[in-house]
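Peer 1: Got a structure for you, questions after.
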Amino acid sequence: MSKNIPLISCSPFPASRKIYQQSPLFSDVRVPLREISLTDGSGEKPLNVYDTSGPYTDKEAIIDLTKGLPAIGSSWLSKRADTEPYPARSVKPEDNGLTSSPIPAFEKKRPILRAKSGKAITQMAYARAGIITAEMEYVAIRENEGLAIKDQQTVQSSPLGGEIPEIYTAEFVRNEIANGRAIIPQNINHPECEPMIIGRNFRVKINANIGNSAVTSSMAEEVDKMVWAIRWGADTVMDLSTGRNIHNIREWIIRNSPVPIGTVPLYQALEKVQGIAENLTWDIFRDTLIEQAEQGVDYFTIHAGLRLPFIPMTIDRITGIVSRGGSIMAKWCLHHHKESFLYENFDEICDIASTYDISLSLGDGLRPGSIADANDEAQFAELKTLGELTKTAWEKNVQVMIEGPGHVPMHKIKENMEQQLDLCHEAPFYTLGPLTTDIAPGYDHITSAIGAAMIGWFGTAMLCYVTPKEHLGLPDKNDVKTGVITYKIAAHAADLAKGLPRAQLRDNALSRARFDFRWHDQFNLSLDPETACAFHDETMPKDAHKLVHFCSMCGPKFCSMRISHDIRDAAALKKAKGEGMVAMAEKYQERGDIYVEAPQKKRVNS
């Protein structure tokens, strides 16, 4: 329940409850899943599904935004004993946009941690040292959706060389992280986060972007944007807030977020120089990195691959440079006629990231903003640089993923994945769509989901959602829900195509419910039970309608599934009759005579 905060979306899903699976390796690892109960008498067992919603859908949880979520990761950090508390930097007026903030600071203080001198505390460092962490065990159990781990495994091959095991183990997770093919984005200063993994040999993840409103009424309203996105399935959330209250808003979100939070630090750094890109400096940017690192940001988008020599390559593009971060850095480079300070200081960026185990999401500042510009010289020149920066980060045990396009027609999507795997050494790919056509403003969640499903099948590890408002305006709550669910569909379609373990179980369960006319089970097994039920009830709203063996589209006489039931029953009867004839034939063969002596009747004297 939510404590005196009605704005937060806290209700459980229908016919669902939160369950927790205990790790056999770590006593303090309990992994949340959502259990969907099915109709009594259906013969169906409850179905466990991956759950991103955190405590907000657990009816036993007490949600108090002023206290934040439980710090489930604190005990793991304490046992490893390789981090230390230290005095954090003081909050400055420019951190909140040089305004008096109507959103108060988060009052519950906690120690700010960093790596002890000489200690390598990233998940990649542990993985390379052969150490299985609690976080690795956590994500293995989570990816299995509660399925018991077996000793013997078979491996399912996926497109472009991926290998997916039948059952995930902590050792498999460790090996993927050690080789840079997967990341667990989890800042040591975000202990409230439930560990998750991003990599092409795991289920495809999705990210939702949120940002502060022009007029902010309360901190609960800002936190609820995050809660709403994760309710519908966002695996990570990027806070792209600009303007006023940035620091305080971010603190409230992180303290109450069970999923990794990403940012583009360049946006806040730009606010600190009143939006004048030419006035940006490395010192301002570095200070912003540390500010956000201490708050607990789990991954930074860094546009370090956009270099001065690449800018002229965009001159003949239809849409030029469409990345906000890319355009900021391009303007800075041209004004100073210098190499990007992000590129020049990338080593120190990695040092900061490794101190807090922050993952780097290497931004695609030169991504194509139209299908005409897809796969051009500028895009792939930057991608090659991102591959070089990946190796630099790996040398410092920093976890890395690579951001990708953008706008790409279907026949050019596979090349993007092939180039990324080759140039970026199989680091996880994180793409915005891609949008497969430019003719559908208002429907770009659909144009992009087509590309997202394809590139997810080919190996993209995480998809950044697109809402119906893309290119048009700021998305509202309904747009966020539509975008998240659309991308859950794309990610799930990719998981099915990759042959991911358990991916089809939910499809099969819903198909059986559909064929059996178990309407409530159909609703409850869907990604959006509320909408499924509402659409059904528009024409058949009564409770009795949930028991009938037809819907309003076909009616009782023309329902194909009802007819299929009749056909099945008739076939079963015919089979039974056929079996009776076979039995008679066998009896004849035994006796060898077509004539059978009739039983003698006793004659009754009259």
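Including glycine, each Cβ sits where the backbone N, Cα and C put it.
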Peer 1: Checking feature assignment: region 'Disordered' per Swiss-Prot, candidates 84-103, 404-423. Which range matches?
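Peer 2: The listed stretch tagged region 'Disordered' in Swiss-Prot is 84-103.
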Peer 1: Going by Swiss-Prot, ASN209, MET238, TYR267, SER323, ARG324, GLY325, ASP364, GLY365, LEU366, ARG367, GLU403, TYR430 bind substrate; tell me which of HIS303, HIS471, HIS492 is listed for that site too.
Peer 2: HIS303
Peer 1: Could you tell me the C-alpha distance between TYR430 (substrate binding site) and HIS407 (Zn(2+) binding site) in angstrom, no decimals?
Peer 2: 14
Peer 1: Which whole number of Å gives the largest C-alpha distance between any two of ASN209, MET238, TYR267, HIS303, SER323, ARG324, GLY325, ASP364, GLY365, LEU366, ARG367, GLU403, TYR430, the residues noted as binding substrate?
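Peer 2: Binding-site diameter by Cα atoms for substrate: 20 Å.
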Peer 1: Measure from the Cβ of GLY325 (substrate binding site) and count the other Cβ atoms within 10 Å, all protein chains considered.
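Peer 2: Around GLY325 (substrate binding site), other Cβ atoms within 10 Å: 22.
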Peer 1: Have a look at the binding-site residues (ARG367, HIS407, HIS471) and report the one with the fewest Cβ neighbours inside 10 Å.
Peer 2: HIS471
Peer 1: Within the region 'Disordered' (84-103), how many residues are helix, strand or coil going by DSSP?
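Peer 2: Split into helix, strand and coil, the region 'Disordered' (84-103) gives 4 helix, 2 strand, 14 coil.
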Peer 1: Would you mind pulling the DSSP three-state label for TYR430 (substrate binding site)?
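Peer 2: TYR430 (substrate binding site) sits in a strand per DSSP.
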Peer 1: Please classify the secondary structure at GLY325 (substrate binding site) using three-state DSSP.
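Peer 2: Looking at the DSSP assignment, GLY325 (substrate binding site) belongs to a helix.
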